[in-house]
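Taken from TrEMBL, the feature domain 'Kinesin motor' applies to 40-383. The feature ATP binding site is assigned by TrEMBL to GLY132, GLN133, THR134, GLY135, SER136, GLY137, LYS138, THR139.
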Amino acid sequence: MLEDKIIQNADFFIKAINDHNERMSKIKTVNKLQTTELKDISIYLRIRPLMPPEIEQNSFEICLPNKNNPYKACVYEPAFRFDNKPVIKTQNFDFDYVFGPNDDNKTVYDNSIQSIVEVSLAGALGVVLCYGQTGSGKTYTITGIEEYLAVDLFNKMDKVINDMNLRSLETFNDRPFEITVSFFEILGSQCYDLLNNKEEIFIMEDKFRNMNIKGIKEYDCLTSDDLLKYINIGFSHRKTHATLKNDTSSRSHAICQIRIHNTVINQANDGIIYLVDLAGSERHADSKFHSKERLKETKDINSSLLTLKECIRARTLSTLGLQQHIHVPFRNSKLTTLLKETFDIEYCIRPCTTIFIANVSPNCLDYSHTINTLRYSSPLKVSQKTGYDPLKKKSYNLKDPSTWEHKHVIQWIEKSSNGAINPEFLVPNNENGIQLSNIPEMEFIRRCLLSKGMTEKRAKLFYLKLWGLIVDCRTKQRKAKLSSKPKPKYDTSMDEEMIRRYELEKKLGIYDAPKEEARKKLMELDGKGFN
Ligand SMILES: Nc1ncnc2c1ncn2[C@@H]1O[C@H](COP(=O)(O)OP(=O)(O)OP(=O)(O)O)[C@@H](O)[C@H]1O
């Protein structure tokens, strides 16, 4: 068997991988970028360490972070030539950051997730998705993140209260933030409340296109311990099965929803954090000995993961103005329907941040699983090769906030609020149009309220006015992009014969000639003619 052959040749492969790694360390180092700006969608990779049973098996690591470039991972395929000689093939994959086997959950949390806590407290939407083959460390990663996040959320409240100067508002009370949690799982098209005896719940869109979860129970959390207690109960009720890779493999998408309600600024939408432990993707081949029910389960999981991939990619491309198709297929699965605010840029009216963590096993015997995960996740990070230049300045357009400099922002605020809002309060840090759009709703309203005579309702309307512009502008840009797309050479209703005739007429220069004249000319030239 191939697996036995790989282990028998372990010495060769380990040496080849070490040599390659050594050569890589002599190449110029790429420094880690110190960026504090939150991206709409960030794609990370986490490579777990080899587990003790894998080490006992004499397995070795075939997926490593690139020593000199924290944005790349290197994968080595252990293979054999036709004459049975072992060879190693190398491939590199790009990410927003690669966490290696020595990086613990705290490092992952500090470098990827913690930034969404503050913005969610200010009213934004934060989504964390853990993806990977079964046994690759998704649950390990998400539970670790949840522990740090629960503590951090309660710790940061005070900072946000001070930063937002909430104490100065008349409506300030002794519980400015109400934190509630719910925990549910999605199995195909069914959803179950894991904190309420697995009662069925329903993800629905109301007539205002808002998403609602009918029947879900939300629990009030006064401390981080409360929050963690509910998360642990939820996990213990999740559906699992034994797979080839994991004795308790997760067969559902487990979603922890943390809602942050600001009781001081009631008009603002609640901040929401979704922590999603995706079901372990399993190759169809690995599940072929299972029951019909298991096969259907695997099919459902894989199809929803495919929809998720399409949605993330479509969203990224459309944000960058590179999307050719207007359709983001978020309605194709329950999970993406729930997260529609993240994907549907014509609906979304607040800053959304999505953090996608792909988890892989470094075990040489998991090569095919690991490469599948890398091929799935790495392309989600849209590379600069696509021609998108974030530094390229767009020319000023009164109706497009992304083109506004600080002075345009001031003009817009003064004009659109009829002088009721003082720009010094709303954009005190020289914010440009993009930065203005990135101010979460609560913070936006809070800043508006600093102007004399301003009410929460008026501030909310002003926020919606800005987002009306942003959404209109995005829609227009995408439509313009679509209409500038070259028209297909042939009408799709043309059959083969019509296309042949069209090509021939074009070649003979008689395409626009009257039919009779064209026929004569055609007969003269090739003696065939047509009716
Ligand atoms: N970074 C890590 N450091 C140490 N141990 C890890 C790490 N990642 C995963 N593990 C261990 O690997 C095993 C499998 O991890 P985990 O259960 O998180 O996999 P999974 O991807 O959630 O699998 P499934 O989809 O089947 O539920 C666990 O025993 C876990 O403790």
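Numbering starts at 1 and runs along the chain as it is shown here.
Here the Cβ of each residue, glycine as well, is placed from N, Cα and C on the backbone.
Highlighted here are the binding-site residues (GLN133, THR134, GLY135) whose C-beta falls below 6 Å from ligand 1: THR134, GLY135, in sequence order. Taking all protein chains in view, 24 other C-beta atoms sit within 10 angstroms of the C-beta of THR134 (ATP binding site). Summed and averaged per residue, pLDDT over the domain 'Kinesin motor' (40-383) gives 85. DSSP gives THR134 (ATP binding site) a coil state; it is part of no helix or strand.
In sequence order, LYS138, LEU278, GLY280, SER281, ALA358, ASN359, VAL360, THR373 are the residues near GLY132 (ATP binding site), counting only same-chain partners six or more apart with C-beta under 8 A. In the three-state DSSP reading, THR139 (ATP binding site) counts as helix.
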